[in-house]
């Protein structure tokens, strides 16, 4: 069976206490606490895994311990040609370990696998679990005024409606940005920044002149506590509605991942037609998201002509969404066991007509963008994500495929109707803004092809199974969907009374943030907005920038227009008055 070779290999390196299988392509190995770092490192680097998610869980009511689940996607190293493992061997292997509630300490995996850093910081914030040896112990999710001894995702911590008092001693922000040493470095804080990584954020760029030396950032300013809200309170269909609202662009992908995690936990197979329609809607979501990002990548560099044409084409994708779901946003269609709405023959015919328009016009505009030497000079060589950095931090979506690494959940772990679909994974070498936008253009083409194949191949079956199903308390599974920004992953442990015991939602951008600082380094301040845009975090506004000269102590507040003008013209640096 799938995963067996990885479990056998792991057993030669560490002692495996127990093996449990969640479904055909998912297995969990329980290891001793001290063996945790080596177990994860071995699967990650030696066996070609990528960190999919890490789930802390309060299981004191189950086994009198806290638990950690490190889920790895076993795909092969993919650093060089021929490094990929066989398609029928790809699977998810989860390393589980138990932590005593008396000590709350476990050995950090981050020194061996850098991709774990945000997960282990969050484990302390939400559960109070201390990663011994973690290089960065700053808060990640909770605000600086949050009480030190209150860990919200513990089962006995708090009611989701409870708003704790801030710390008595809290007077001013305590967060310390990681600042490089040296004289003459100017701090450029960008924020607040409203991002679809669930909250606004604060970027701080450290510049020598107009060159970015390093960067740091603080996110989660409006963490919504959705996991706490859902646990032991919502049924699975209600959770699907909530998951749709994680992101304004990738809502359908989140809904599928959330619902399919629950379906996998009870081995519930949905009808083939429902699988095909789920794929169709998710690819429509990819169309309008990629068109949005390519348009913004032109707009932020001052290419308004291309921006307007791309957004004109994007309107066709919104019409397509309305045609097949009844709404310009594909909300409210995914339910446990299938879908609420079918697609008629008339709708299919009109959809095919719209797809032809999109395909033709996208090619025309993209050719014009490629012929624009000024646009290419702003995209090429900017914001490079090195292939080794990408390997170390497990980014997802166009961010990693633009660095020449072939990772796509639709290909590596085909879900729903993707088992019947033929498509080429878009991979581009270079790692710069141009490479990431080229990946998105190539995926626009493949999405059109995928939708056409679904229309042609989907059978005439029902779209929902018998709603009478029974959850199995303490069963768990993860589900995965290749959203426009990359792999969205939802992990669910079932509870009693048709409720969820633990829900872990990991959006694609969560895996993309940690490597962003490497993409900033060595670039011009004028390109900062473009680099963030190429990551596709879907920020809606940059309200202001404050520039502080650490030598003269002078400060200057820049408006959003100031920053945009500098990005577009690359003249008259807004920092010149501080030099």
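Quick reminder: no glycine exception, Cβ is built from N, Cα and C everywhere.
Straight from TrEMBL, the features:
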BINDING   227  Mg(2+) binding site
BINDING   247, 250, 538  Ni(2+) binding site
BINDING   250, 541  Fe cation binding site
DOMAIN    31-157  domain 'NADH:ubiquinone oxidoreductase 30kDa subunit'
DOMAIN    302-472  domain 'NADH-quinone oxidoreductase subunit D'
PLDDT averaged over every residue in the domain 'NADH-quinone oxidoreductase subunit D' (302-472)
95
So how many of the residues in the domain 'NADH:ubiquinone oxidoreductase 30kDa subunit' (31-157) end up helix, strand or coil by DSSP?
35 helix, 39 strand, 53 coil
In whole Å, how far does the CA atom of residue 247 (Ni(2+) binding site) lie from that of residue 227 (Mg(2+) binding site)?
14
To the nearest whole angstrom, state the Cα distance for the pair residue 250 (Ni(2+) binding site) and residue 227 (Mg(2+) binding site).
18
Relative to the Cβ of the residue listed as 'Mg(2+) binding site', which residues of the same chain, six or more apart in sequence, are found under 8 Å away?
153, 502, 503, 504, 505
Within 10 angstroms of the C-beta of residue 250 (Ni(2+) binding site), what count of other C-beta atoms is obtained when all protein chains are considered?
27
Residue 247 (Ni(2+) binding site) CB neighbourhood, other CB atoms within 10 A
25
